[in-house]
C-alpha cells in the first residue's frame, strides 16, 4: 500500500460556524441582517456552552434561529455507536461523517493519584483513515479516505464535553483537560486544519475554548517538513513522535514514510522543536514481540537521544501493542518489556509504560471503524 502524504480532496463537508475566522463570523451575521454582537453570542454558545443547535438558543430572536442553523450549522458528526469499559471511564465513539466515512474518538478519565490531579483526556481523529500505510496499524491498513475539516475535529471535543457535563463519565467533571491528536489519521498530513483546530482550542472565549496549548499533544510518524513548520509557529503544544524503531532498517519496514525522511532527520527535527519550544518531546514506541523489543534496540534508542543532548529533551513513552485481530504483530512479553525499560533507565532516559485503555472495546485506533465498515455502517 503506497504512502499518501498529500490527501486528495473528496466528499468535503459543508462549511460550519467553527470553520470561520472571527472576521468571517462577523460577516456571516451581517449577511443575515443581524447586529454585530450576535457573532460573539453565537460563538459563546458553541465554544463556552458546547451547543450546536441554534434552534434551541432562546437568547436569539426566534425568527433568526432557523436561519442561523440553516446557514452555518450543518450536521457534521452522527453517532453510530458508543462502547465503554474500565467501569465506564473509557468511552469510544464511532462517528459517521458527511459522505459516509467513519472515524473514532476515545474519552478517558484518570482519577487523581499521589503524583497527579484527576484529568480527562480525549484522543481524537484528524483524518478519515490514514495514508501512512503502517503494517501494524488497523487504520493504516484501511487506507486514506479524506481529511477532516476544522469543524469536524473540534466537534469531537464539543461532544466529549457534553458527555462529561451530562454525567456520563463516572468521576469526571468540568470539561476535557487534555487533547491528544492520536486517533485515526496522521495529523501532520492534515496540517492546515489541525493548526486551525489548535488555534481555535487555545483562543480566548468566546472565539475559542480557552485551553492551554500545553494541554494539547500532536502526534506524527515523521513528516519532517511539517514538524519544522510547527516549530516556526511557536505554539507550545507537545510534539509526539511515533518512532517505534531507532534504526532505519527496521523503521523502513514498520513506518514506510521513513523511506522518505530517515530516523536521524526526524530526531534532529524533534530535537529542534524541543529546543525552540522548551517542551519535552514524547517518543512513542509500540513494543512488538520479537520485532523491536530487544534490549540492544533500547540501547540504540538511548544513544540516539543522548547524543542530541543530555537535558532530557525527550521522554520515551512505551506502548504495549493493542493487536489488530488476525495480525502477526503482537504485544511483547512482560520480561522483554521490563528489560527494555531497564536499559533505558540505565542510560538515564526518562521512560514510562503507557496505561493501556480500551482493549475490551477494539481499543487500537481504527478497529471500531473497521468493524463498522464490515457491518455496512459507513463507506
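Backbone N, Cα and C atoms are what each Cβ position is placed from, and that goes for glycine too.
Of all the Cβ atoms in the protein chains shown, 27 others lie within 10 Å of the Cβ of residue 104 (active site, proton acceptor). Reduced to three states, the DSSP call for residue 104 (active site, proton acceptor) is strand. Annotation source TrEMBL lists active site, proton acceptor at 104.
Per TrEMBL, the feature active site, S-methylcysteine intermediate maps to 365.
The DSSP secondary structure for residue 137 ([4Fe-4S] cluster binding site) is coil. What TrEMBL lists as [4Fe-4S] cluster binding site is 130, 134, 137.
Annotated S-adenosyl-L-methionine binding site per TrEMBL: 185, 186, 219, 242, 243, 244, 322, in sequence order. Proximity of residue 244 (S-adenosyl-L-methionine binding site) to non-local residues of its own chain (separation of 6 or more, Cβ distance below 8 Å) is seen for 251, 254, 255, 284, 285, 286, 288, 292, given in sequence order.
What TrEMBL lists as domain 'Radical SAM core' is 116-360.
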In sequence order, the recorded positions (104, 186, 219, 242, 243) whose C-alpha falls within 10 A of residue 130 ([4Fe-4S] cluster binding site): 186
Conformational class of residue 242 (S-adenosyl-L-methionine binding site) under the three-state DSSP mapping: strand
